[in-house]
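Chemist: Dropping a structure here in structure tokens format, bear with me for questions.
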Amino acid sequence: MSDFFNSGWSLYVAGITVVSLIFCLVVLIVASRRKVMADDNTTGHVWDEDLQELNNPLPRWWAGLFLVTIAFAVIYLALYPGLGSNKGTLDWTSTGQHSAEMEKARAQMAPLYAKFVSQPAEALAKDPQAMAIGERLFANNCAQCHGADARGSKGFPNLTDNDWLHGGTHDKIKETITGGRVGNMPPMAAAVGTPEDVKNVAQYVLSLSGAPHNEVAAQLGKAKFAVCAACHGPDGKGMQAVGSANLTDKIWLHGLRRTGHHRLINNGKTNIMPAQASRLSPEQIHVLGAYVWSLSQTSTVAAR
């Protein structure tokens, strides 16, 4: 049962439930004791000149069903949560049942994962069964953000290339899946200088990747880029140690528009990948990490 703001609401709901059950029982008893009238046994209402409503008591089988329903409700509310904040004698919760089912499923799958957990990513990438399991894990847990083809979208990284903010080794990928990542670029406008300086730095950043830019503005922004170099490096190639982006390639996680660069410098950006350790076992993460690693390796081989 969901938590209430205070115990008063719990008592209120529980009271209504108990009163309703008692009311049903009283109505059933009163209706069952009604006797058939000796004369015409009608309610006295007449429709269409001669259509009358009989006033017979409830059939015994129907009254029996009502009694069974009330008894079931009493037993259910005693065993399971449903009477206000009362947890029931079985202390059952849907969360607990789900956790138990997950543990049971993991125990059943443990022998299957046991043969994979000691293998490196290179070996798993060549194992069709391991890759099939990894693909299903990806579809259930990763595709919602990164896409069914793992190519991502604006704000969600493409996992099939070799542009890794935090590293693309199997161990780094597992680390990312397990603990998640928080990418945080603070607003830098104040550190860069004037609004014109922000525009110039944006032009310089565009020039690093060979994107269309204003050459004069880019040269003016080069000196101001020094405040960005603390994270992105003096050459703009980024640093995986802090998860900063490589500004010299043609991969732009949040888009390439010039105005977009202005916004990033002015407002900063926070991107979060949630941790999956609570959803996946270490063995599952090992296989899933190998599958994700294989996606970029396939892309690299194809590019060659």
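Positions of Cβ are set from backbone N, Cα and C atoms, glycine also.
Dumping what Swiss-Prot says about this protein:
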type: BINDING; residues: Cys142, Cys145, His146, Met273; note: heme c 1 binding site
type: BINDING; residues: Met185, Cys228, Cys231, His232; note: heme c 2 binding site
type: DOMAIN; residues: 129-209; note: domain 'Cytochrome c 1'
type: DOMAIN; residues: 216-296; note: domain 'Cytochrome c 2'
type: TRANSMEM; residues: 11-31; note: transmembrane segment
type: TRANSMEM; residues: 61-81; note: transmembrane segment
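Describe the structural surroundings of these features, if you would.
Modeler: A sphere of 10 angstroms centred on the C-beta of Cys142 (heme c 1 binding site) encloses 20 other C-beta atoms. In this structure, Cys142 (heme c 1 binding site) belongs to neither helix nor strand by DSSP; it is coil.
Counting every protein chain shown, 21 other Cβ atoms lie within 10 Å of the Cβ of His232 (heme c 2 binding site). In the three-state DSSP classification, His232 (heme c 2 binding site) falls within a helix.
Mean pLDDT, taken over the domain 'Cytochrome c 1' (129-209), works out to 94 on the 0 to 100 scale.
Helix, strand and coil residue tallies for the domain 'Cytochrome c 2' (216-296), in that order: 41 helix, 5 strand, 35 coil [DSSP].
Long-range Cβ contacts of the transmembrane segment (61-81) within its own chain (Cβ-Cβ under 8 Å, at least 6 residues beyond either end) map to 1, 17, 21, 24-25, 28, 31-32, 87-90, 92-93.
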Chemist: Within the domain 'Cytochrome c 1' (129-209), count helix residues (DSSP H, G, I), strand residues (E, B) and coil residues, in that order.
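Modeler: In the domain 'Cytochrome c 1' (129-209), the DSSP-based counts are 45 helix, 7 strand, 29 coil.
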Chemist: Tell me the Cα distance separating Met185 (heme c 2 binding site) from His146 (heme c 1 binding site), rounded to the nearest angstrom.
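Modeler: For His146 (heme c 1 binding site) versus Met185 (heme c 2 binding site), the Cα atoms are 21 Å apart.
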Chemist: Highest CB neighbour count within 10 A among the binding-site residues Cys145, Cys231, Met273?
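Modeler: Sorting the candidates by Cβ neighbours within 10 Å, the top entry is Met273.
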Chemist: Can you give me the residues near the recorded heme c 2 site, meaning same chain, not Met185, Cys228, Cys231, His232 themselves, Cβ no more than 8 Å from the center of the site's Cβ atoms?
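Modeler: Nearby residues not in the site list: Met188, Ala229, Ala230, Gly238, Ser244, Ala245.
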Chemist: In whole Å, how far does the CA atom of Cys228 (heme c 2 binding site) lie from that of Cys142 (heme c 1 binding site)?
Modeler: 31
